[in-house]
């Protein structure tokens, strides 16, 4: 009896060994448990159930944190970055992209091999071989063309064979995507892309997980594993940008009175699912101006009162979808309980559009699929309206005279006026004539009266044409104006000419005074007889004779001019 029990235990253990050894995709990729009805309702075209067995011999499974991950790649670890264009409207496509980030100084070349980058320093000593992994040449490359048992390793984890490569284009990475209890396997290079349709997916956040393997001889080893959350919604994903001309900060949702606000609706539709759908916009600005309905995604609105207003926008469109059951069973169309409130993401007001049982799903599958379902998108914001600076104008520009002119410096006075609130600061930006390249920026606090009249003095370096930008601001607004200013050149010779003119005038005046003095002196001079000056005459005669002898060598030609006066004494 004991031997019989031992045999039975042995048989049970032997029968259980294959079950324990055989791994499934859900054991490798994720441990989320999905109910059977979710698996049936969230079927993805081209995807397989994660209940399939995983070929652990060809694709080994490593637990997170094992030391083997460190040696899975030459020169460091490979990181995988997973992104998606979530959120996605039900019925549209959502795309996932995986990009591999190699260790420093490594990249993928045109043939799919991993090589070292040139002129890139690495912590490791680079060998003479430029390849990190050379998959183009070698014995493994011949297996792609071999259909015998030697190429049996060219298959996915579930045993399906690899697709035939086109030409010499090879893919050396295996990507396995997993979500909603299903998986999709694909070959790729350093990047892989997968798109799925969300027509049958459950609304709400979901998880996408990806594991990446690389070629390693006749097997594959994991190099990276990553997951990301994506969202499926039955609301139209929208975002509204609000802009106002003189608003200082549009992100705080505080705007100015008596200036139009520009509203622009952005619909997140990367798969262009709504391209052929008519979209209507219902605007309610909360200031008792009524409801505006338009087919344009932009609109301007001006608030004329200060205060806080609730802005509401509703976007509506009709999209293709499954038709509702024509005769829903009374047992399935139960009314909601009073304690449960409808979700704000509910886009279809009719409860018959929501599948409530397996039977209604079957009727929907066999019914005509040319129905359209209304989808809605909502945006709400609290807008605050305050007073602000509405307008700035330059009314006068004047040159400031400088006592000592400098050729490289000119001063200009600007008279600036504004409308609206009183500014607390003024900024001046001096730029080139195109108003593109700023040369000088000066900001300073200002104290302005109720008339908002401001005088600003600014210096300019050299002559030429400048673009001057004046900005007046307070806590909520920022108004500006610009003008082109021409600065004339300074005449460096004008001071010298002024000094020379003054000196010449003074010289002429001195000569005139001297001449008048001489004339007056001669006119009023007292007469003195010659006889009383005998001594002086004798002395004068001796001096005259001396001068005559001194001039004789230089003026011989003039001796005959006065022959009768030679050797004769002077007589007056």
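Positions of Cβ are set from backbone N, Cα and C atoms, glycine also.
Checking the ranges 243-281, 282-320, 321-359, 360-398 against Swiss-Prot, the region 'Disordered' annotation falls on 321-359. The transmembrane segment annotation in Swiss-Prot falls on one of the ranges 459-479, 480-500, 501-521, namely 501-521. Swiss-Prot records N-linked glycosylation site for one of 93, 532, namely 93. A sphere of 10 angstroms centred on the C-beta of residue 312 (N-linked glycosylation site) encloses 14 other C-beta atoms. Put simply, 200 is the one of the glycosylation sites 200, 275, 296, 306 whose Cα lies nearest to the Cα of residue 134 (N-linked glycosylation site). Between residue 93 (N-linked glycosylation site) and residue 249 (N-linked glycosylation site), the C-alpha separation comes to 36 Å.
Counting other Cβ atoms within 10 Å of each Cβ, the lowest count among the glycosylation sites 134, 200, 306, 469 belongs to 306. In the structure shown, across all protein chains, 93 is the one of the glycosylation sites 93, 249, 275, 296 with the greatest number of other Cβ atoms within 10 Å. When the glycosylation sites 300, 461 are compared by the number of other C-beta atoms lying within 10 angstroms of their own C-beta, 300 comes out lowest. Comparing CA positions across the glycosylation sites 200, 275, 306, 461, the one lying closest to residue 249 (N-linked glycosylation site) turns out to be 306. Of the candidate glycosylation sites, 296, 306, 469, the one lying closest to residue 200 (N-linked glycosylation site) when CA atoms are compared is 296.
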